[in-house]
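Look at TrEMBL and you will find GLN10, ALA11, GLY12, GLY13, LYS14, GLY106, THR107, GLY108, GLU138, ASN165, ASN183 tagged as GTP binding site. According to TrEMBL, the domain 'Tubulin/FtsZ GTPase' annotation covers 2-201.
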Amino acid sequence: MKVVLIGVGQAGGKVTQRLAEYDYDMGFGAVQGAMAVNTAEADLQNLDIDTMLVGRDRVKGHGVGGDNELGAEIMQDEATEVMDGLDAKLSTDAEAVVIVAGLGGGTGSGGAPALARELKRIHDIPVYVTGILPGRDEGAIYQANAGRSLKTVAREADSLLLIDNDAWRTAGESMEEGFAEINDNIAQRLGLLFASGEIDAVDEVAESVVDSSEIINTLRPGGMAVLGYASAAASEDAGENVNAITSTTRNALLTGTSVPNVVEAETGLLVVAGQPERISRKGVERARSWIEEETGSMQVRGGDFPLDSERIAALVLLGGVERSNRIDEFMQRAKEAHESKNDGRGEAKEAFLNEELDDLF
Ligand code: GDP
């Protein structure tokens with residue numbers, strides 16, 4: 001799937017750059033263009049991709065300091081300039097726009113839903129948001145910001161691919177130490193997903209390839225989506241890899257998803273990557289139907305992706321997952337954080353306990 005990436009805010013810019021680098025290094029050519037937008041000049045200076053500073057009049061290049069309502073306003077005011085900047089990269093080949101943002105901060109948290117709304121008004125191709133959720137140890141303001149942003153993005157974007165900052169990092173590392181690793185993991189996994197729908201990108205023709213439209217159809221239920229990943233050593237003989245493929249797929253779904261404990265989904269897509277001669281058709285089919293049973297979805301697509309590796313990797317994309325316990329738990333945390341943030345203003349606690357989180361706009 002040919003995509004144009006736009007990173008909003010600090011995390012958005014860093015992850016966008018990693019994704020563009022990964023796609024380039026692997027020679028996939030799925031990423032057609034990448035750009036970063038921020039209200040903080042210093043964060044843009046560290047990036048090698050094209051950048052655009054917004055909100056200069058209001059925050060003078062110093063960022064919005066975690067105020068996501070201001071982040072949303074600035075993006076609403078300057079959406080035309082941002083979209084003009086993006087136009088040069090949006091060739092007729094582009095099949096989707098992917099906005100990337102950390103949902104816990106200010107610029108990305110407020111800017112991503114505002115930009116998604118504007119892009120959808122103008123373009124016919126899908127507009128997806130990859131939204132990064134704060135880890136459990138991050139402060140109350142991050143949780144509250146992310147809760148409101150998540151709700152608003154899920155409403156505005158064609159699909160919100162969620163990544164929990166606790167999901168793809170090694171236990172025991174601090175959040176800061178973990179960022180480089182998390183960003184590498186996001187780049188690899190999302191990069192593989194985009195490339196899997198991009199068969200021109202590879203020399204060998206796989207037996208059953210995934211098409212861009214299958215990724216788009218998997219994301220069609222809207223709401224939220226998650227991505228799972230796992231890999232394992234594989235035998236040179238496809239016939240011996242039936243179990244390797246099914247167990248790798250189980251790991252991708254049960255322990256390797258971008259938001260843990262998501263089990264119910266409306267749609268799914270399984271991509272098995274590896275050397276074509278190592279990929280067992282029977283294994284892919286069994287793993288695909290196992291995902292159907294496990295998620296309760298009747299629409300799980302399956303395919304393979306030729307990759308020159310001695311290992312086999314399973315990538316599982318689930319669409320329409322809003323009913324997950326883990327997301328409910330996160331929304332509860334965000335609600336509590338929002339409530340304590342407002343305590344100081346003397347508002348009745350009960351009112352917040354009974355109230356849902358407000359949309360950002
Ligand atoms: P903004 O610049 O105002 O949009 O704020 P940030 O992008 O710094 O958003 C803060 C959120 O993003 C927090 O939840 C951080 O944990 C997370 N974050 C910041 N930098 C990174 C990063 O490099 N990688 C990841 N995965 N998350 C990050």
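Positions of Cβ are set from backbone N, Cα and C atoms, glycine also.
Overlay of TrEMBL feature records on the structure.
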| residue | record | Cβ within 10 Å |
| --- | --- | --- |
| GLN10 | GTP binding site | 24 |
| GLY12 | GTP binding site | 31 |
| LYS14 | GTP binding site | 23 |
| THR107 | GTP binding site | 34 |
| GLU138 | GTP binding site | 18 |
| ASN183 | GTP binding site | 21 |
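In the three-state DSSP scheme, GLU138 (GTP binding site) is classed as coil.
The binding residues for GTP are recorded as GLN10, ALA11, GLY12, GLY13, LYS14, GLY106, THR107, GLY108, GLU138, ASN165, ASN183; their greatest pairwise CA distance is 20 Å. In this structure, GLN10 (GTP binding site) is part of a helix by DSSP. Per-residue pLDDT, averaged along the domain 'Tubulin/FtsZ GTPase' (2-201), amounts to 94 for this model.
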